[in-house]
């Protein structure tokens, strides 16, 4: 709906209805730095209403057959697909990403996810064992923990972490929390949910390494590693932020990589030829830039990007949150740029000599979400992938996902896994039933 000054004003969605809020937050267009809509600043009252709506909807929804629930999910996928362009435009404007990425990845991926789980819900089996000598049969059933799409099944409550987030995760009748975000926020969620022993699935940060051996196919490796470093302005938890290159090819790789990075076009999100759009917020842009300043102070070299190359933007977008793809070299493993998640279009490139050395260095961070390995040696690929402390390892590729398989990180990169089997187990409670006959 239209709000103050004719700007879009979002509403909460509770119990199948769009409901206004008593106060609102400004939301900024990352490409211009201007307010473009108002978002509800919800609190405990709205959370309580959403929990009550979910509780009322749960018995009816959870008793529906898998076939009925599958049909609902398929219908949702159809509606998303029918509105693909509208949703892509909204996602691009809200997040600053290119319209091309929203059209080809975000919205199609959402459609695929709904269709995948609509299908997988039809094919789960339960366990069953017999104890003939005692005349007993044992079997398991899974009871839903959360809920799903008639009124009250899905509720959307906007707001800030301290207000609506804390009210939600500490609510005694919210039995599980699935969260994607930063480690400090996850720590707070764990503190608030601990008294209630809630189930948690936490997908957190990453400091993802790419390990490039001398026998790598650079014709494939370089464009893929540029994409893995800078896609969506580096604002993907799976993006590459540390690149280890075997010393014998280091100089060649670095030259070609920087050339390829400079070819990436930073432009307004609506430009279909742009490879990168704007970062999510002014505060985040300043945070990312602060790492470049720290790197310079430590004596590192900035080969391209921030402070080196000129960023050309239309006059209307001069105040937007844009940043060029930035490559850092001559940086020590102990540097904050090599240890901390930057979550922007910044990557560090360093040389290594041996397989054992690079495994130790790649693992020498608190995170363990994803990694990539580039080599033509099949034995080496398997050895290195096994030893890397990462929940996902791609070899000679990046961001190829199979929803049947687990997704999640090790160490400070998270708790739990997602995927067909893992998600099924997380969102249900298993119950063992014994029948004596």
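Heads up, residue numbers simply count up from 1 along the chain you see.
Glycine is treated like the rest: Cβ placed from N, Cα and C.
The active site annotation in TrEMBL covers 203.
Annotation comment: TrEMBL describes 24-147 (among others) as domain 'Aldehyde dehydrogenase'. If you average pLDDT over the domain 'Aldehyde dehydrogenase' (24-147) in this model, you get 93.
Annotation source TrEMBL lists domain 'Aldehyde dehydrogenase' at 148-433 (among others).
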Could you tell me how many residues in the domain 'Aldehyde dehydrogenase' (24-147) are helical, how many are strand and how many are coil under DSSP?
73 helix, 26 strand, 25 coil
List every residue in the same chain as residue 203 (active site), at least 6 positions away in sequence, whose Cβ is under 8 Å from its Cβ.
179, 180, 237, 407, 408, 409, 413, 414, 418
